[in-house]
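Enquirer: Residues or ranges marked as disulfide bond by Swiss-Prot on the basis of similarity to another entry: Cys7-Cys21, Cys71-Cys72. Annotated N-linked glycosylation site per Swiss-Prot: Asn20, in sequence order, evidence recorded as sequence analysis. For Arg66, Ile68, the entry in Swiss-Prot reads site 'Confers toxin resistance'.
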Amino acid sequence: AIFKSYCEIIVTHFPFDEQNCSMKLGTWTYDGSVVAINPENDQPDLSNFMESGEWVIKEARGWKHRVIYACCPSTPYLDITYHF
């Protein structure tokens, strides 16, 4: 799969600027009683990451969330959000 992420670009300190980006992976089709999302650790697997001459990933971490929406108080929805 190919995933794309949008990052707000702030170039105040160009060319030494830093951006903080997020990528949220989850499902709206199946809730937490049907699908399990269990990351092996809080670091994403970057083994297939292709480096860019324009930027570097300095740090990347992920968190698992269990979200309850007002429409469905007894149904948890799961996601993993990576920040980099």
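Easy rule for this one: first residue shown is 1, then count along the chain.
Cβ atoms are placed via backbone N, Cα and C, with glycine included.
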Enquirer: Between Cys72 (disulfide bond) and Cys21 (disulfide bond), find the distance joining the two CA atoms and give it rounded to the nearest Å.
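Expert: On Cα coordinates alone, these residues lie 29 Å apart.
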Enquirer: Using a 10 Å cut-off on CB atoms, tell me which of the recorded positions Cys7, Cys21, Ile68, Cys71, Cys72 is the least crowded.
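Expert: Across Cys7, Cys21, Ile68, Cys71, Cys72, these recorded positions, the one with fewest Cβ atoms within 10 Å is Cys71.
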Enquirer: How many other Cβ atoms are found within 10 Å of the Cβ atom of the residue listed as 'N-linked glycosylation site', counting all protein chains shown?
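Expert: Counting Cβ neighbours of the residue listed as 'N-linked glycosylation site' within 10 Å gives 10.
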Enquirer: List the recorded positions among Asn20, Arg66, Ile68, Cys71 whose C-alpha is within 10 Å of the C-alpha of Cys7 (disulfide bond), in sequence order, or say none.
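Expert: So the list is Asn20.
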